[in-house]
Each structure stands twice: as structure tokens, then as C-alpha cells.
């Protein structure tokens with residue numbers, strides 16, 4: 001469609017709109033600039049009545065990466081055809097229809113090992129698993145995914161626990177997600193394990209096998225080193241949920257551990273709300289132009305939960321590194337809040353995961369292999385209910401809000417939530433606090449966020465390792481890591497000091513301790529940007545060395561340009 005006017009923010013351009021099989025492409029007459037919008041990244045499309053002044057037909061496209069594109073089309077029939085075509089191409093029935101299965105780069109990537117970047121035996125072997133006298137072993141109890149279809153095929157469990165005990169213990173954990181190893185401290189061998197909630201119920205059920213498994217985990221190391229700062233070993237069960245939520249789950253047969261049955265440990269509730277709360281927390285952020293109103297962003301509690309995740313991670317970091325103690329982390333099902341806490345804690349504990357390649361391994365291990373539901377949380381499969389025809393209604397915004405309110409009751413929409421995005425925002429806060437300790441830069445996080453939704457690569461498709469095997473993702477799509485590793489220089493942090501990890505660092509030996517006293521300060525220092533993750537070539541938040549050293553700015557790339565839409569569902 002020619003002579004289409006695009007309004008994006010304060011910029012207006014006229015060009016040609018192309019609808020291809022997998023993207024919307026807007027091209028300006030001089031061909032100097034192109035805007036590509038992948039269909040899976042689209043949140044809503046709204047067709048509005050003809051404007052009274054210019055007599056154009058508006059089509060408003062809101063995207064999941066906070067971009068909003070307002071297209072104005074000359075002819076009504078063209079606007080109807082564009083609306084219907086986008087709906088047809090966006091509302092697909094199977095993940096096998098997304099762009100990743102057709103994508104071929106114009107030039108083959110120089111890096112091609114993306115699908116093997118994470119090797120479970122190599123990575124856990126690096127930690128000391130399955131070596132002589134190790135307290136941990138590899139288990140193939142889930143080799144065909146019949147033990148737990150949302151867990152990886154290879155699990156790491158205490159050497160003293162047999163697969164038979166694991167089979168019995170699995171019946172006591174939601175979705176059979178038993179406690180398994182995520183991380184083994186490089187020095188004191190304290191562990192971070194993860195699981196789902198126990199099926200305690202109102203009758204206070206118990207499982208001897210589950211208790212034996214956790215006891216074996218907590219006895220897997222005997223610290224010979226003196227506790228740092230005089231701390232003593234206190235093993236910890238971290239329940240990421242608010243106390244009331246955990247207790248309420250008992251009514252449906254689940255809940256939290258009865259601590260009378262678990263020896264030599266304590267339990268702490270971290271107060272992180274569920275996916276439904278996280279989906280709605282930005283709805284109160286009123287936007288004027290390109291910048292989010294700071295005071296209303298604070299009211300949305302987005303920054304509050306970023307701070308809560310970081311503070312909770314700090315508790316885990318100190319328990320493992322300083323007290324040489326074990327930590328078991330779970331929420332309800334163990335694939336959302338649990339992944340946030342394990343990955344942030346491990347990122348701070350081990351300098352390897354702060355390297356360019358190590359961070360890729362961390363995402364593969366803690367998010368992808370352990371079954372974060374990327375397809376559901378990211379909304380890769382759209383629905384016709386996201387397409388709103390506001391023509392001949394009294395108020396377009398009223399129509400949008402009415403439809404938006406109906407979304408909440410749709411089961412598909414209720415599964416969408418910005419859990420991985422929160423993790424990336426937490427990483428950004430850490431990068432800002434410790435600008436020389438991360439090999440990657442801000443642009444890397446922004447593009448990682450974009451490709452979580454773009455479906456251009458297979459890395460973030462499906463909800464589990466089993467699903468990716470069923471769809472043959474690793475053989476029929478490209479890995480996003482091939483793209484990043486082939487363009488590595490664009491995503492490197494010029495301030496990175498890899499040698500700093502080997503230096504004396506206040507006794508922490510390369511471990512990062514986020515400043516818990518300044519977590520609320522994140523909100524006070526936050527500034528929001530509206531740059532496109534595609535077109536932007538520089539990364540001022542991390543490339544401007546003077547700014548970083550002086551601590552004058554904290555820039556957040558991940559909630560940028562939440563244009564004119566405080567009600568959009570994340």
C-alpha cells in the first residue's frame with residue numbers, strides 16, 4: 001500500500017507499507033530507512049474511524065517491545081485489507097508457522113555452534129559434579145521426559161539418592177519438579193537447588209523421600225573454611241511467593257514446606273507476586289509523548305519488584321558465599337520467579353556467567369532447559385481478540401479499554417507475563433552498579449529482549465526442552481547465539497575488566513553483592529529511553545565511560561517507549 005503516513009512518537013513520515021509472510025515492512029521513498037515489525041511481536045491492532053481533518057484511516061499497532069506505530073491509510077478498503085491480512089498472518093495455530101522455521105540469513109553466520117553453547121555435562125563438570133568423591137551425580141531418570149516433561153533430560157542430584165527415591169519424591173512436588181542442582185559454589189561447594197512447591201495441602205501431607213532428598217542436598221558439603229564475617233551455616237528454603245499466596249495454595253493441595261519435617265534449615269518468603277500481578281503493574285504508567293511519567297511508573301510497582309528480586313537474590317548470595325550454606329528455591333511451579341532468583345544469584349556468584357559466552361550458558365541452563373514457558377509468557381501465538389475494530393464507535397480509547405478488560409478472563413492471555421523481561425532489567429541494574437564486571441553491554445540486553453518476541457530464531461520458542469525436541473527446533477532453526485557471536489564486537493562492554501575477578505575485592509573474590517540499601521534508589525535514578533533496538537547503533541548507557549564512572553545516569557532499555565498506552569497487557 002503506497003502513500004501511507006507513519007506516526008511514531010513525534011516523527012511523521014510517508015512511505016510504502018508491505019505485508020510479507022512474516023513481517024510488516026515500512027519503506028520510505030528514498031529507501032534510506034526501513035521499519036520491520038515481526039508479527040509475533042504485535043500485541044494489538046486497532047482500526048479506527050476516518051480522521052476528520054486529513055480524511056485518513058488510522059491503523060494503530062501496539063507491540064510487545066513497547067513500540068507503537070500509527071499508520072494512516074488513504075482508502076478505507078485498503079485499511080480493511082491491511083487489518084484483515086495482518087490478523088490472518090499473526091493469528092497462527094502452531095509454533096511451527098513462525099518465522100524461525102523459514103528464516104535464512106543473507107550471509108551465513110561466522111559462528112555456528114549456538115545450539116551446543118550449553119552442554120550439561122561440561123557445565124556441571126566445570127562446577128565439580130561427577131568427579132571422584134563428588135556429592136553430586138548426573139541422573140538420566142528423565143531421559144525420555146516421562147519423569148517430568150518440563151524438566152531437562154539430564155538432572156543433577158545428590159550421589160546418595162537413587163533414581164527410585166527420585167521417582168517417589170516426584171509425586172510430592174508440583175508438576176514432578178523435584179529439587180535438583182542449579183549451581184555449586186566454586187570454593188565452599190554450597191549449592192543452589194530449585195524445585196516447585198510441595199503438595200502439602202490442608203492435611204499437611206509429607207513425603208519421606210522428599211525429606212531425604214533435601215537432607216542429602218543440605219549435607220552435601222562440610223565447610224572446612226572459616227565462615228566469612230563470622231557467619232554460621234544455616235541452610236535455607238526460599239519460597240519466592242508472598243506468605244499469604246503460599247498458604248492459599250494449600251487449599252488446592254499444594255502450599256509450602258512444613259518445617260517440622262525438614263532438619264537443619266530455615267524458610268524465608270520473599271514476597272514476589274505471581275505472573276498476573278506482573279502483567280498488570282505497568283498499567284498505571286501514564287505516558288506523555290516518548291517518556292514515561294516517572295511518578296506514575298513508581299505507582300505501577302515495576303521498580304519495586306525489580307528491587308524485590310535483587311534483594312531476594314542478595315539473601316541467597318550471602319547465604320551461599322558468606323555462610324557456606326545451601327539454598328533451595330521454589331515458587332509455585334518453579335519456572336518463573338524461581339528462574340529469576342536462581343539466575344540473578346548465580347550471575348552474581350560466578351564471574352564466568354558475566355562473560356559474553358557464560359551469560360548465554362546461564363540463559364540456556366536456567367531459563368530454556370528448565371522449562372520457562374517462553375511461548376506462553378511471550379504470547380507467540382496470537383488471537384483474533386487482539387484485533388480491534390473501533391470504526392463507528394464513539395471513542396477509540398473506550399473501545400480499546402473495553403476489549404482490554406475482556407482479555408483478562410481469557411486463559412491464553414492470562415499466561416502472558418514479562419518474567420524474562422524483569423530478569424533482563426535486573427541484569428541491567430547490576431551492570432549499572434558494576435560497570436566493569438560484565439563483558440556484554442546494554443545493547444546486548446535490548447536485542448535479547450527483542451528476539452525473545454521476534455521469533456526470528458528458535459532459541460526462545462516453545463515451553464520446554466521436550467517441546468523443542470518435538471518441533472525439531474535445533475535442527476530446523478537458527479540459534480540466536482549464532483547471531484550474537486557472529487557480531488560479538490557490537491555487544492561488548494569497553495569498560496569490562498576481566499582481570500578484576502582475580503584481584504582481592506573486599507574479600508568477595510569476584511562475587512558481586514548488590515547494594516541492598518540502594519535498591520529503592522533505582523527508581524529515583526531511572527530514566528527511560530525510546531530508541532529502537534533495531535535502528536540504534538550506539539549504546540550510551542554503557543559506552544559512555546565518563547557517564548558511568550561518574551554515576552550520573554541509570555538508563556533502562558527494557559521498558560522504553562511505552563507509548564500512549566497505560567493499559568497494554570505485558
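Cβ from N, Cα, C; glycine included.
Under the heading active site, phosphocysteine intermediate, TrEMBL lists 331.
Summarising the annotation, TrEMBL assigns substrate binding site to 274, 275, 331, 332, 333, 334, 335, 336, 337. Other C-beta atoms found within 10 angstroms of the C-beta of residue 333 (substrate binding site) number 19, with every protein chain shown included.
Annotated compositional bias 'Polar residues' per TrEMBL: 532-541, in sequence order.
Annotation comment: TrEMBL describes 114-533 as domain 'Myotubularin phosphatase'.
Feature annotation from TrEMBL assigns region 'Disordered' to 530-549.
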So which of the binding-site residues is most packed in, judged by how many other Cβ atoms lie within 10 Å of its Cβ, out of 335, 337?
-> 337
For the recorded substrate site, whose residues are 274, 275, 331, 332, 333, 334, 335, 336, 337, find every other residue on that chain with a C-beta no more than 8 angstroms from the centre of their C-beta atoms, and list them by sequence position.
-> 240, 338
Could you list the residues of the same chain, at least six apart in sequence, whose Cβ is under 8 A from the Cβ of residue 331 (active site, phosphocysteine intermediate)?
-> 196, 197, 239, 240, 241, 272, 337, 338
Protein Cβ atoms within 10 Å of residue 274 (substrate binding site), excluding its own = 17
